Ligand code: NAP
């Protein structure tokens, strides 16, 4: 028995991620790409095309408005665009409260290995006195630190709190130029922007006489597509807001 393909719209379709996502949806037999939207295109085309899932791969300034629009029009949303803050997430939660049955996935990283690295980081964090994150990306990335690094820092902070660990040791007294990086949830995060890179992250753990490093590399945007497709296929089964693809994976 064959079932009707799920109608999907991609916003940001002309971008690097959007182009890849359009290809991945077109290549999937159980999905149908019904709308490809770029900057300046009318979102009404998405509703007219009958999309049930909207994939947002645009820019931080547009993503929230797109998601609220999708909810208002009864569509699930799968979001890869980064740069979300608590206030914007709260607005999405409020909108979803009035739309039972609709799901929104906001995934700071669709690469399965990066999701695993975040989970492993939370586990490792319990056992090491020191932890720092280095995220490395292409120079066209507009936000820093990366959404993945923020979420990894949050995971490390949770792991440390569960183990009763205090602040990471750091005797720095003077740092007028910010050489110690940003501090997210108590964890130092360093952002590198380098031509030739795509998306990479290193999580460094230090204990007396020991270092443990977790590293994930996305060499090509195609690495994000299994996660994007998983999100599209699963979003209707997860009503409400889910932040992080791990919410759709059975990681124990
Ligand atoms: P990009 O190449 O700059 O693509 C963004 C596209 O969105 C551009 O074509 C842009 O058009 C278009 N756009 C801007 N506003 C729009 C709107 N209101 N409606 C429709 N399209 C709009 O960026 P990218 O590398 O593809 O990344 C896109 C987003 O995904 C970024 O936030 C990035 O950080 C994130 N990202 C997430 C993951 C993940 O795994 N979650 C992985 C990689 C990247 P113009 O060129 O005309 O501005």
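Including glycine, each Cβ sits where the backbone N, Cα and C put it.
Annotation source TrEMBL lists active site, proton donor/acceptor at 137. For residue 137 (active site, proton donor/acceptor), the same-chain residues lying six or more positions away in sequence with a CB closer than 8 A to its CB are 146, 191, 192, 193, 194, 197, 198, 199, 200. The DSSP secondary structure for residue 137 (active site, proton donor/acceptor) is strand.
The feature active site, proton donor is assigned by TrEMBL to 141. Here residue 141 (active site, proton donor) comes close to 193: these same-chain residues lie at least six apart in sequence, with C-beta atoms under 8 angstroms from its C-beta.
Take the CB of residue 110 (NAD(+) binding site) and look out to 10 A: across all protein chains shown you find 27 other CB atoms. According to TrEMBL, the NAD(+) binding site annotation covers 12, 13, 14, 15, 16, 17, 80, 81, 82, 107, 108, 109, 110.
In the shown protein chains, 21 other C-beta atoms lie within 10 A of the C-beta of residue 147 ((S)-2,3,4,5-tetrahydrodipicolinate binding site). The (S)-2,3,4,5-tetrahydrodipicolinate binding site annotation in TrEMBL covers 138, 147, 148.
The domain 'Dihydrodipicolinate reductase N-terminal' annotation in TrEMBL covers 7-110.
Look at TrEMBL and you will find 113-243 tagged as domain 'Dihydrodipicolinate reductase C-terminal'.
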Euclidean distance between Cα atoms of residue 138 ((S)-2,3,4,5-tetrahydrodipicolinate binding site) and residue 80 (NAD(+) binding site), Å: 16
In sequence order, those binding-site residues of 12, 14, 80, 82, 110, 148 whose CB lies under 6 Å from ligand 1: 12, 14, 80, 82, 110
Near-site residues: (S)-2,3,4,5-tetrahydrodipicolinate, ref 138, 147, 148, CB cutoff 8 A to centroid: 82, 108, 109, 135, 137, 141, 143, 146, 149, 199, 201
PLDDT averaged over every residue in the domain 'Dihydrodipicolinate reductase N-terminal' (7-110): 97
Largest inter-residue Cα distance among 12, 13, 14, 15, 16, 17, 80, 81, 82, 107, 108, 109, 110 [record-listed NAD(+) binders, Å]: 20
Euclidean distance between Cα atoms of residue 147 ((S)-2,3,4,5-tetrahydrodipicolinate binding site) and residue 108 (NAD(+) binding site), Å: 5
